[in-house]
Amino acid sequence: MEDEPNKKKLLILYASETGNAMDAAERLGREADRRCCPVSVLCIDDFEPKSLPFEETVIFVVSTTGQGDVPDSMKGFWRFLLQRSLSKEWLKGVDYGVFGLGDSSYQKYNFVAKKLDKRLLDLGARSLIERGLGDDQHPSGYEGALDPWMSKLWKTLYNKAPNLFPNDPNTATLNGTWVDQPKIQITYHDVGKGNSQCSAAIDFKSLEMLIERTRSMSPGKSSGKMRPDCFLNLTENCPLTRPGSGKDVWHLEFEAVSSSFSLFQSIHYDVGDVLEVLPSQDPVAVDAFMKRCNLNPEAYITVQPSKKENSMGDTNHAPDIPVKLKTFVELTMDIASASPRRYFFEIMSNFASAQHEKERLQYFASPEGRDDLYQYNQKERRTVLEVLEDFHSVQMPLEWLVQLIPPLKTRAFSISSSNSAHPNQVHLTVSVVSWTTPYKRTRKGLCSTWLAGLDLQQRVLIPAWFHKGSLPSPSPSVPLILIGPGTGCAPFRGFVEERALQSKSGPRAPVLFFFGCRNEENDFLYRDFWLSHLQSGGVLSEDKGGGFYVAFSRDQPQKVYVQHKMREQSTKIWNLLAGGAAVYIAGSANKMPSDVLAALEEIISLEGGVTKEVAARWIHALEKSGRYHVEAWS
């Protein structure tokens, strides 16, 4: 709804990492709009934190990432809230609600929502409603908690501020134009204008600008940098696992063929950094999508916020320079790997000409059909293209397709090389993602499958960005305790390479590395590399105070994991910790980080002669002093 001067409104702020929190926030906004409630929905990094005391009612929708971390878009806002100068009455008069999105299989489930709730209370705000916690493990996903929480929210808000609701809040109307009108507008341009302003990318600068311009137009764009830091070319690929082992992991080496760091300077990164790449979509799928939606691949378009969105202050859009429609789809719309959101089905129902399809889509979009939609869509990981092909009578306008199709996202990988050891190169350890759905359909990860299948003979340019991850580059004088089972070993390959290079100029602090895999013969990643540094004088050698310990979980009747190997080396670990060592953990986010943490607490308790509670505080102190780091992924 369009804001009126001095009129009270509901403010919804979201902090999203994968798009789920944004989707939930926008759904809250639509439901408020249908109840004639004035509402504004903003990404939290588009909101000025110091303005918070002047808001009357704020709903926060926040996701939890990694090991209890706030999403990137929330980091600035959260730092502001943590300022000690803020008084206990700073938010007096502000009513709020918090809905969190998380996964209960993680140790710090919905940690961000919980700590935000507590901090808002500490600053004097008043909680309207008990915080809601959406869980990916629920049979209906986060919506299993969102639906009842939202129903309670409208009742609570009506009792607290009835002037926000002209009608009964239990009765949603179609008062607003939110459902009927897309939030973007698309302009078609003649070929002549397109050719003059969007010439073929004949050099790296043109290609950089094309990617930046195209992705800046996308309504689902992230807050990150649009222009690539460089383009990479694959120079080496070799499998690290044996066929039939149940794992498909590859070592990939790339060289930078262009760099925006400097005209005459090669790429730069530190060990522990993260590389993001923009995957290429299957040309066959792109062509099938264009044909299914009756789109002209040769047309030139610009994408901008609608007049209504501009009137609400959304003027931060891309320059009015046309791009080819097919290029826009290829670079911004995830048509063949991501599943559409619930709202996609609701809008589809408006454009279904076959009655049976319209009714099924309306059912999927209703509260009664929520569980069936989850089984059909999310559980099966149905793609946008598959859904469109299942409902043949639907013909959606391009505006709705651009707004609702999940954005094509960059994929992040831990860098597994040292820039000092490999100038102008970057190495990755890529596990090809593959799984079977409940209906026995094989699914593969878009980016990992594409990277592993690249042909060395073809010069494929890969747009790439470098970012700081959760593992800061350590000082050469700091002893290291590294725990990295499976592909969690990737960043530590770079750590060991760097320290080996540093040791040539003088003594360096020791390194202990704990690695784990299923079988010694099938998936012992980088076996020769680790063993070479274990030899006399090597970074991992015992004569240098180091060590390399491997847990083969399936090579004996009883399961053996990295935490078991750590307990066997408790004295060594304790001595390094007492000597100022830093702990780095990388790998699966499921149980491994918590199991490793428990093993460390036991070791500190046993070797230090203290209680488990004191040991836990000891590790917390390590974390606060920057000597305990975790990078985990699902």
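Cβ coordinates are placed from backbone N, Cα and C, and glycine is handled just like the others.
Across the domain 'Flavodoxin-like' (10-154), the prediction's mean pLDDT works out to 92. Annotation comment: TrEMBL describes 10-154 as domain 'Flavodoxin-like'.
The annotation FMN binding site is assigned in TrEMBL to 16-21, 63-66, 101-110, Asp136.
The domain 'FAD-binding FR-type' annotation in TrEMBL covers 227-479.
All protein chains considered, the CB of Ser414 (FAD binding site) has 27 other CB atoms within 10 Å. The feature FAD binding site is assigned by TrEMBL to Arg381, Arg411, Ala412, Phe413, Ser414, Gly445, Leu446, Cys447, Ser448, Trp633.
Around the Cβ of Asp595 (NADP(+) binding site), 17 further Cβ atoms fall within 10 Å across all displayed protein chains. TrEMBL lists Thr487, Ser553, Arg554, Lys559, Val560, Tyr561, Val562, Gln563, Asp595 with the feature NADP(+) binding site.
Its own atom aside, the Cβ of Arg381 (FAD binding site) has 14 Cβ atoms within 10 angstroms in the protein chains shown. In this structure the alpha carbons, written CA, of Arg554 (NADP(+) binding site) and Leu446 (FAD binding site) are 29 Å apart. When the binding-site residues Gly19, Gly66 are compared by the number of other C-beta atoms lying within 10 angstroms of their own C-beta, Gly19 comes out lowest.
Looking only at the binding-site residues Ala412, Leu446, Val562, the densest Cβ neighbourhood within 10 Å occurs at Val562.
Arg381 (FAD binding site) sits 24 Å from Thr487 (NADP(+) binding site), taking the C-alpha atoms as the reference points. Of all Cβ atoms in the protein chains displayed, 23 besides its own lie within 10 Å of the Cβ of Ser16 (FMN binding site). Within its own chain, Tyr109 (FMN binding site) has Thr64, Gly102, Asp103, Leu133, Asp135 as residues 6 or more apart in sequence whose C-beta sits under 8 angstroms from its own.
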